[in-house]
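See structure below.
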Amino acid sequence: MFRTALRNVLAHKARLLMTVLAVMLGVAFVSGTLVFTNTLSGALENSAAKGFDHVDVAVEPEYQEGRGDRVGRTPELTQAVLDTSARVPGAASALGVVKGFTAIADKDGKLIGGGFRSEGGNYWGTKDPRYPLTAGTAPHGAGQVLIDSETARRAGYRVGDTVRISVDGPVLTPRISGIFTTDDGNVTAGGSLALFDTATAQKLFGKPGTYDEIDVKAKAGTSQSALKAQLDAALPKDSTRTTTAHKLADDQARAISDSMSSMKNGLLVFAGIALFVGTFIIANTFTMLVAQRTKELALLRAVGASRRQVTRSVLIEAFVVGTVAAVVGLVAGIGIGAGMRSLMESFGATVPDGPLVVTPGTVAAALAVGILVTMLAAWLPGRRAAKIPPVAAMSSLHAQATTKSLVLRNTLGALLAAAGIAVVLAATTMSGDSGQAPMGLGAVLLIIGVFVLTPLLSRPLIAASAPLLRVFGVAGKLARQNSVRNPRRTAATASALMIGLTLITGMTVIAGSLQHGIDKMASAAIRADYVVSMANGNGLSPDVDRKLRSTEGVTATSPLRNAASRIDGETEYLTGVNGAAIGELTDLKVDEGSFTVGGTEVVVDRTTAEDHHWSAGSHFTVSYEDGKKQRLTVAGVYEGNEMIRGIMLDNATLAPHQSDPTDMQVMVKTADGTSGAVKDRLAEALGSNPAIKIQNKKDISNEIAQTFTLVLNMLYGLLAMAVIVAVLGVVNTLAMSVFERAQEIGMLRAIGLDRTGIKRMVRLESLVISLFGGVLGIGLGVFFGWAAGQLLGTSLTTYELVLPWGRIVVFLLLAAVVGVLAALWPARRAARLNMLQAIKSE
């Protein structure tokens, strides 16, 4: 049977080509993901390990949890701690590390690295082992700075150039005294790193005389564990903690591995979708091959082959096909892994040097996935073929079984679809977290149910296209009839496209509805013309509010200042505002009392009020960061949202209890509304700081929309693989259908249908099948998008369903284009069949 199976593969290699391509694409996606994530993980881990070469034990401040009325705090590492660390017997050196936000602008004044990856630090004297200099000298004073080589390369900076740098407060224009290399993760991810001398860094980052970390190097012969024990004995245990470099490196490697694992799992999900879609092609191909070889298999049964041997013969063919596809897919996957690394670098991320990692596990996974998926998909057609009696197989009686079996199939499909809809609807009544698992289960049941029902659904839905197909005359009529001639085949072909469009449409509906909800929230909650904030999300200096308030045309400002406190023995965050102006700058619905903020009167959002059982007129005692207590009164309860919520009190009340206040953002109202001139005046008042964002409500919405668009485009790209596999499925089905119907096509040619008519018939058949899959996919996608939105609505109060009709039409047109393109080769081949040879074929 093995030789028989091998001969069959070689005899039908052209018909199996699309199956090989479908499996190959899925395997390439899987192996490419594994190669890329293993390569990136290995390079990052090796790079991170180098960062601990200069330290044997790190001393860090130990966060002290809040208890009772005391607010949690992080103690400072003072010069005394540094001196004590340097004096322990096993220490060769102890050096203090200072860190803070430092944004570097390019020569056009634009921020490098987007803000979130912009960092600054201190340089240790004339030679710092952490940051080897490639040019220039160490910095001295606030007028000199070192920058990393990648930032210098991207912006075109050299030693001696003047650069604009923003720290938490002022904008500086120091001279570049030197350039260094680094394996810092922020720099490799596209950010920037600027270094000052230690005294300057401490002053700029608001940490005079203190450090964020102390790195201790051991003397020769002293182990890291011994040095750690000495430091533990010498330093206060309640305010410091020590960690060996080995432990730090292991923790870093674990964090990188976890991060890569999340990325890998996400990519493998989409690879799995592509493979799942590919199973439809495999099953369809082997079903059609088995149907075409029914008499051949019957003869094998007649001469003594058992059912098991017939099934085994089909599975051997699948094994050969899967092995070839898996090997080719693995090779392609290695190329994809290397390409993904290059793609990251083209987007500005610097990936550390390292070899391409192809592990035995990757090879095994690629081969196992390719072979097993192919054999599993081919098992049912092989089993079905083996169950046909030899006598029935030599006649046409076996075709009746196919029709009868649809009754059971339709019943099962209806039950699965009904169960799926019921579970999804039940999930929409749950809260966000508890409803996720039922929602996923219901979605899977519904998709499987619809797939099982597609043979039944194909007839009425395709019949609806009859008026349009009549325009194409005989070719249109034949195309419609051919589309429903074999409902199973049509179902399998359309379902592949259905799954891809279900996911794409669902994500589009959710993203569009989320964007609308966020836009609505921003416009409903904010009356301010502008919101000023740091690009990296850090706090603003209180000077920013003072400068904005004194700018020409500004009528009102209110900083939003966060502060930790203790209320009823629990940590609660307060929001300090300008009580006199906050009502003019926001538009929050007041449920109880009045929106009065000032003195000891505060307002709280509905959720916080319910948690503490407060109402308008309630009193409570708050313990501030400095340990002092105050009795406050709830003047009003308002409806909070994702942008504004919590306990609001006047900054004049909060300020005396904060040692280093910062504002998360500042709301600004102007006499002239929003205009370019007003924005320019605000920017000028802030010294044209590249790290500060000045945004109106439209800017905020656009920024959020850019994030959604980026994520959505990435998901579209990942799902494109599934759509490509679905296209191969349509091509495969049509091509094999042409093989199968060669005699029929020859007869049509003989009675007068020309080559153009034959091409049109095949193209229209492909178009109808693709649109059928597209309609099912879009319908399911809209339903899932609505259902998922019900869960999101519990977290985003302004969420409401918005159907992106423009994109839905585009998706439907995409399905039509897929149908037309997929039919090009099969239609051309059908038209070129020799009429007489086709009529003689069986």
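Each residue, glycine too, has its Cβ placed from N, Cα and C.
Remember, TrEMBL labels are computer predictions, not curated facts.
Database features (TrEMBL):
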type	residues	note
DOMAIN	17-233	domain 'MacB-like periplasmic core'
DOMAIN	269-390	domain 'ABC3 transporter permease C-terminal'
DOMAIN	490-684	domain 'MacB-like periplasmic core'
DOMAIN	718-834	domain 'ABC3 transporter permease C-terminal'
TRANSMEM	267-291	transmembrane segment
TRANSMEM	314-336	transmembrane segment
TRANSMEM	356-380	transmembrane segment
TRANSMEM	412-431	transmembrane segment
TRANSMEM	443-469	transmembrane segment
TRANSMEM	490-514	transmembrane segment
TRANSMEM	714-739	transmembrane segment
TRANSMEM	767-788	transmembrane segment
TRANSMEM	808-827	transmembrane segment
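For the domain 'MacB-like periplasmic core' (490-684), the mean pLDDT of the prediction comes to 88. It is 267-291 that, among the stretches 267-291, 443-469, 808-827, forms the most Cβ pairs under 8 Å with the transmembrane segment (314-336). Proximity of distant same-chain residues to the transmembrane segment (490-514), defined by a Cβ-Cβ separation under 8 Å and at least 6 residues beyond the stretch ends, is recorded for 273, 276-278, 280-281, 283-284, 287, 447, 450-451, 454-455, 458, 462, 483-484, 708, 711-712, 715-716, 719, 722-723, 725-727, 729-730, 733, 769-770, 772-774, 776-778, 780-782, 784-786, 788-789, 792, 796, 799-804, 807-808, 811, 814-815, 818. Per DSSP, the domain 'ABC3 transporter permease C-terminal' (269-390) is made up of 101 helix, 0 strand, 21 coil. Among residues of the same chain six or more beyond the transmembrane segment (267-291), those with a C-beta under 8 A of the stretch's C-beta atoms are 8, 12, 15-16, 18-19, 22-23, 25-27, 29-30, 33, 36-37, 297, 314, 317-318, 369, 373-374, 376-378, 380-382, 384-385, 488-489, 492-493, 495-496, 499-500, 503, 718-719, 721-722, 725-726, 728-729, 732-733, 736-737, 740.
Same-chain residues lying 6+ beyond the ends of the transmembrane segment (443-469) with a Cβ under 8 Å from its Cβ atoms: 406, 409-410, 412-421, 423-424, 476-477, 479-480, 483-484, 487-488, 490-491, 494-495, 498-499, 502, 764, 768, 771-772, 775-776, 780, 783-784, 787.
Taken residue by residue, the domain 'ABC3 transporter permease C-terminal' (718-834) breaks down under DSSP into 96 helix, 0 strand, 21 coil.
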